[in-house]
Amino acid sequence: MGQENSKCPHQSLAEKRYKVERPKTKKVSSGSATERCLSTQSDEKNAARRLTVSSCDVSAEDDLPEIKKLSVCEPNEDEATSMTNAAAAAGGAKSKCKHFLTRRERILLEQSWRKTRKTGADHIGSKIFFMVLTAQPDIKAIFGLEKIPTGRLKYDPRFRQHALVYTKTLDFVIRNLDYPGKLEVYFENLGKRHVAMQGRGFEPGYWETFAECMTQAAVEWEANRQRPTLGAWRNLISCIISFMRRGFDEENGKKKQYSYNVQGFSSNRARRSISPYAPGVH
């Protein structure tokens, strides 16, 4: 009876007098309980995946070697793609870098890189890293090279290891020029990792040193012959430094906010402990 009355098409007296409209009920999907359970499980798996895509763990198959002292690593292709997709799903600003290089610039960079690699992979990273340490000798302490004379740097195994990271990073960039979101996510994470290096002397002003040395290295290996190619390198390096700086500033801001909250919590506890209304205080 109750169900039949609820489905009655006739209007009640209150509806006629006050012209009250009946609320429209939504139809419930007729899917089985098994289908609903499967969809719930898939949603939980996707949520767990979204929570873990921001990690930057290195496996044995990664292109860049892990340097634990600096916490610098390159995410593999699948991981970088997952992080990019998660950022796009979250509605972040990751899609704004879609066209930071033109198609022509990407072609020029790929051609330049192929030509430059003929001189030897180690030579490229070694040139950039040596220029950085020469321009800013204080940076040597960050990498544990402060006691190595400038003339002996290129023979030090630690220098060679870090120089190889520069080379492999550039190779990773060139291979992923068609995936700007992947590059942005990687270099933002790399910038965040530099926050921990402040305790060893890293300063935000070093970003400019990195940019200038990388640009100067490109000028030297191009020998000023191809102005459009040099312009493409400048644009690429500018974007890389911009992504790293943004990640660094974001992580540094979170760290400062956390320290402020912890200090505020500690001071509040201290004030409560000396309150005149506390038990045992006369």
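Numbers run from 1 along the shown chain.
Glycine residues also receive a Cβ, built from the backbone N, Cα and C atoms like all the rest.
What you see is a predicted model, and the numbers here were worked out from it, not measured in a lab.
As annotated by Swiss-Prot, heme b binding site applies to His162, His194.
Marked as compositional bias 'Basic and acidic residues' by Swiss-Prot: 13-23.
Per Swiss-Prot, the feature compositional bias 'Polar residues' maps to 28-41.
The residues of the domain 'Globin' (100-249), classed with DSSP into helix (H, G, I), strand (E, B) and coil, number 121 helix, 0 strand, 29 coil. Per Swiss-Prot, domain 'Globin' is recorded for 100-249, and the stated evidence type is sequence analysis.
What Swiss-Prot records for 1-46 is region 'Disordered'.
Other Cβ atoms within 10 Å of the Cβ of His162 (heme b binding site), summed over all protein chains shown, number 24. Taking a C-beta cut-off of under 8 angstroms and a sequence separation of 6 or more, His194 (heme b binding site) has the following same-chain neighbours: Phe202, Met244, Phe248.
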